[in-house]
Amino acid sequence: MLEIAGLGHRYDDGHQAVAGVELHVARGELVSIVGPSGCGKSTLLRCVAGLQRPSEGRIAVGGRPVDGVPDDLAVVFQDYTRSLFPWLTVRDNVALPLRRRGLARAQRREQALAALAQVGLDGVAGKYPWQLSGGMQQRVAIARALAYRPALLLMDEPFGSVDAQTREDLEDLLLSVRGGADRGGGSEDRGGMTILLVTHDIDESVYVGDRVVVLTGAPGRVHSELRVELPAPRDQIVTRGLPEFVKLRAEVGRAVRRP
Amino acid sequence: MKRDARSAPGLGPGSGARARSRARSRAAWLAGRGWGRALLGAVGVCGALLAVELVARSGVFDGQALPPASSVLARAAEMAVDEGFLGDVWVTVSAWLSGLGLAVLLAVPAGLLLGSLPRLDTAALAVVELARPIPSVALIPLAILVFVEPDRVERSLVCYAALWPILLNTLYGLRDVDPVAKETLRAFGFGVLGVLWRVSLPSAGPFVVTGVRIAASVGLIVVVSAELRAGGEGGLGVYLLETQSGGGRPDLMVAGACWAGVLGVAANGGLGWVERKPGAAAPGPPHRPGRPRPQTPDGLKEPGGLKR
Amino acid sequence: MKRAERAERAGKMKHVALALLGRSWLLVLLVAAWELAARRAGDLYFPPPTRIVSAMRELWWSGPASRLWLSDRAVDDFVPSLSHLLLGWALAGIVGIAVGVVIGLSRIAYLVLDPVLQFGRAVPPPTLIPFFMVAFGLGTSMQLAAIVFGVVWPVLLNTADGVRAVEPVQLDSARVFGLGGFARLRYVVLPAAAPRIFAGLRVALGFALILMVIAELMGSGDGIGSRLNAAEREFRPDQLWAGIVLLGALGCVLNGLFLLVERKALAWHRGARRMST
C-alpha cells in the first residue's frame, strides 16, 4: 500500500528533518510511528500526504508515486481546533470533502451523518465545531476522514491534545472503526483501511498498532521496527495488563531513548 | 514544518510543477533576505511605472487622459525645486499641522477629563459616536460661510476632523488602564492628579499616538478637500484646481497628487515609528493580552498596514 | 410565581432605562443647551436644532405620505448620491477583494506590490479629483472614479491581511481532502478571511460617504453635495445644517445596516471567539 524508499528532507533553512527513511506498509495494516519530539515524524507524514515534496527519495501510495496529494488519502491533524472549519456546521465539515467524490448534495449529507453516527456523534450535526468539547471535535475530524473512505489514513498525533480519558476512548474508537471501514461501501475489492499513526506516546503506539516503527532524532531515521502480536479485541484494561504488552512497551521505550 | 506549508509544492503533476516549485523556492530564498525583499519591492515599483507608461502610450485612453509615468516623474522632479509649488505645499502642511496640533491640545485634555469621570465617560462616548459619522467634508460649505478666510476654514476643519479619532482613542486608552496600578498608587498616597499623570496618561499613550496617526491621515484628506472647495491664496488643493481650470495638464495634476501621497507616507511612517518604538511615547505598561486595541481606521491590526 | 416574574421583568426594564439614561443624558443636555443658546443669541450661522429640523422637513420631507413623505427634491437629491455611493463601494469591494486575495495567497506578489500599495493608500483621494475631472469630465464617472480610488485600499489591504492569516492547517486539510484551487478559495480561504474582509468593507463604506460628498461639492449637477453648494450660494445656513445632519444620519444608517448584515454573516466568528476567551 505504502512504499517509502530513501526518503530525506532538508528545509530551505538547511535543517535536515529526516534522512534515509525506508518503510513498507501492507494493505490494511495499522502502523504506529513513534519517536522523540523533533525526529521528523510530522515531516514524514506531510511528505506521504503530498503536502510537501521531499528533497530526496521516493514515496508510492498504492503503487503510484506521490506527486501532489494522493486520491484515496485522508489526514487527521493533531490540532482539531484549526483543522475543522469554524464557519461550517459539524455536518458540513464532514460533507465538504465529499464534493471530490462527485456525490449529490443529499448523498453527501447522508454519508456525513452516517460517519458521524459511526463515531458516536448523533445529534450534534447541526452544531458548530467550536460548540463541542475537544474530544468531540477530534471525533468530528475522524468522522470527516471516515466519510471520505480513504484507502490510506494518516494521523498526526491525533490524540495529543485531549485529556487522558478521552484519549483512551478515541483509541478504542479508532480500533473499532478500523474494522468497520471494511464493511463501508466504496470499491468492494479494496481491503481494510491502511492507517499510519504518528504519536509520541509509547503506550499508545503499542496499544493500537499492528507494528511499531521507532524513529530516532534529528535527522529522523528508522531505528527499529517491532511487530505487535496482541490478541484482538484489545481492551484498555486487559490488553495493557498483558505481559506481552508490558514487554513490547519496554522494548519500544528503550528504542526511543537510545540515541 | 509550518514555514513550508504555504509554498509547498504538489499543485500539479509533471516536470512543469517541479520547475515551478524550483522558481518558487528561489523567490522564497530572495524573500528571506532584507535586500531580497527590497529588490522585490523595487521590481514592483518599476513594474507599476512601466505598466502605466505602456498603457498611457498605447492610447487605450484617449490622448491626454492618462499621463505616462515618465512625464509624471519628470514633472514631480521639477516641482520639487519649484518655489511656487513648494510654497503651496508649505501652506497646506502648515494648515494641516496647526489644525492637528490644536486638535491634540483640545482632545487629549478633554479625553482625560471625560475618561476620569466614570459617569461622564459613557455619556460622552454616546455623543461622540453620534457626531462621528458626520463626514467632516460636509462641513466645508458651512465653514466657508462662517470663517470666510480660506486658511481659517482649513485649520478649523482639520481640527474638527482630527478631534474625534484622538478623543475616542484617549477615552478607550483610559478605559484600559490597569486598575491594580491605579490602586497601588492610591495606596501610596498619590492624589487623583498624581495617578492621572503617572499611570493613566502613560498607559493611554500608545492609544493617543494611534489616534493622532489616524487623525493625521484624515486631516490631510480634509485639508486638501477644503482647499479644493474653498480656494484661497495657495495650497496643494489650490494648485491642483488652478492646473485643472487652466487647461488641465494631467501629468502636473498626478504629480501633485503624488507629492500629497509622499506627505501621507511621511506622516504615517513617522507616527507609526513613534507607535512601534517601545518606551518612547509609552513609558507605561505594554499591551496586555486581551486589552482592546487602538481603533485604527482600516481595522488593521498593526500600524504599518500589511507589515508583519 | 407570576409576581416574581413580573418583578424581574420590571427590574430588567428599569435596568435598561437606567443604562439608556446613563448614555444619553449628556446628549439631551447638550441639544437643549444649544437650542436655548441659539435662540437667545439669534446667530444666523448657528440656528437652533428645531430650526434645523424644520429646514430638513421643508427640504426633503414635505412630500405625500404614500412616498414616506419624501419630497420630489428628496428623490432628486438622494437617488444620485446613494447610487453613486453604493455603486462605487461595490466596485471597490470587488476589485479590492480580488486583488487582496491574490496578494494574500502569494508571498511574492505581496512583497512585490506592497510598496506600490502603501503609496497608493497614502495618496489623499481628493487630490486626484481635479485629475479625474479632466479625465472623465464632470459626471457620474468622475464621482465613481473618486469613490473607487479612495475606498479600494481598506478592502484590499484587509483582504490580503485576512488571507495571509488563514490557518495553514485549514489549508492543508482542504488540500488533503482533495479540494481544488477554486473550492479551496470558495470554502476555506474566503470564509476564513471574511472577518477581516468585512472590517475593510465597513471602513470603506464610511470613506465612500466622505468621497461622495467631496466629489459632489466639487461640482456636479445633482446629489446632496450639490444641495449643500446651493445652500451656500443662497446663504441658507439652516439648510447647510440640515444637509450636515442628514449626512450624519445617512452615515449612521449605512453603518447600522452593514453591521446587521455582518452580524448575520459572521455569527460563527463571534461564537467561536466567545468560546475561546
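Just so it is clear, glycine is given a Cβ too, placed from its N, Cα and C backbone atoms.
As annotated by TrEMBL, transmembrane segment applies to B:34-56 (among others). Within the chain carrying the transmembrane segment (B:34-56), a Cβ under 8 angstroms from the stretch's Cβ atoms is held by residues 27, 66-70, 72-73, all 6 or more beyond its ends.
According to TrEMBL, the transmembrane segment annotation covers B:89-114 (among others). For the transmembrane segment (B:89-114), the list of distant contacts is 120-121, 124, 151, 154-160, 162-164, 166-167, 169-171, 173-174, 196, 200-201, 204, 208, 211-212, 215-216, 219-220, 223-224, 227, 232-238, 259, 263: same-chain residues at least six beyond its ends, Cβ to Cβ under 8 Å.
If you look up TrEMBL, you'll see B:89-271 marked as domain 'ABC transmembrane type-1'.
Annotated transmembrane segment per TrEMBL: B:126-147 (among others), in sequence order.
The transmembrane segment annotation in TrEMBL covers B:153-172 (among others).
Within the chain carrying the transmembrane segment (B:184-201), a Cβ under 8 angstroms from the stretch's Cβ atoms is held by residues 112, 115-116, 174, 177-178, 284, all 6 or more beyond its ends. Among the features that TrEMBL reports, transmembrane segment is placed at B:184-201 (among others).
Among the features that TrEMBL reports, region 'Disordered' is placed at B:275-308.
Annotation source TrEMBL lists compositional bias 'Pro residues' at B:283-295.
Below 8 angstroms of C-beta separation, residues 95-96, 98-100, 102-104, 106-108, 110-112, 114-115, 121, 124-125, 128, 131-132, 136-137, 139-140, 143-144, 147, 204, 207-208, 210-212, 214-216, 218-219, 221-223, 226-227, 230, 232, 235, 292, 294-295, 297 of the same chain, each at least six residues beyond the ends of the transmembrane segment (B:153-172), sit close to that stretch.
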